[in-house]
Amino acid sequence: MAHLGAHFAFRSRWQKTDDELCRHSMSFILHKAIRNDFFQSYLYLLEKIPLVKLYALTSQVIDGEMQFYARAKLFYQEVPATEEGMMGNFIELSNPDIQASREFLRKFVGGPGRAGTGCALDCGSGIGRVSKHVLLPVFSSVELVDMMESFLLEAQSYLQVNENKVESYHCYSLQEFTPHLGRYDVIWIQWVSGYLTDKDLLAFLSRCRDGLKENGVIILKDNVAREGCIFDLSDSSVTRDMDILRSLIRKSGLVVLGQEKQEGFPEQCVPVWMFALHSDRHS
């Protein structure tokens, strides 16, 4: 509660600044740029990081590329195209992650009124760890999308046993990727939503909604902060709390069919949650 009170006081101070003090100043311009990109999270970010530094790390555009995304690409250029690399060197968490994902998916796929088993899309796929262990055993075909060409090249050999079921590899950043309209029974988005700004995550979820077949579902699985929003300087990602995440989901035109916390991870880890989402047009 103390944190929440401080947060509201901080928000009130910034609102006064917006309205009265610096509408035409450089600080207002920087503040407005960050707020445009992180409209749900920016006040939490500003509480932890000075305005000018936060702008330089996120919304500043250099050589046509927003620094929030440029810095993430630099980070992943150094990540090996292995299962260990995909798990951030926490390979011991891979098996409990896969098992929980399989069990969660099973609740929403197959049978009347559920998603079909035709085609799945693996977003932020890396080398295809989730595709190999979770999606390919269930779906007739799978597509992968990732911004790193090196990961997708490795995926072709990593998934070689199932190569006849891999429909295509898309080398795109998710903020630039549009799923085919009405094509997918399941769109899987794991450990990648934090690499999108609030603005781009909202837009991407909306495009994914349009990519679903009738009764299709989006499975969103990611770290969820206990409170507020946390910016990781090392890999240029944000971890949002449940309120922020659910607000973005709602604004994207999706509703939560079910949610479940990942079990079997060490207590010191940031909590990981799974969400099953579908279009509010079918509610």
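Each residue, glycine too, has its Cβ placed from N, Cα and C.
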From Gln156, Gln160, Gln190, the one annotated by Swiss-Prot with Gly124, Arg129, Asp146, Leu174, Gln175 for S-adenosyl-L-methionine: Gln190
Around the Cβ of Gly124 (S-adenosyl-L-methionine binding site), the count of other Cβ atoms that are within 10 Å: 25
Other CB atoms, at most 10 A from the CB of Leu174 (S-adenosyl-L-methionine binding site): 24
Among Asp146, Gln175 [binding-site residues], residue with fewest other Cβ within 10 Å: Gln175
CB within-chain contacts under 8 A for Arg129 (S-adenosyl-L-methionine binding site), separation at least 6: Glu83, Met86, Met87, Ser94, Ile98
Around the Cβ of Gln190 (S-adenosyl-L-methionine binding site), the count of other Cβ atoms that are within 10 Å: 21
Coarse DSSP state, helix versus strand versus coil, of Gly124 (S-adenosyl-L-methionine binding site): coil
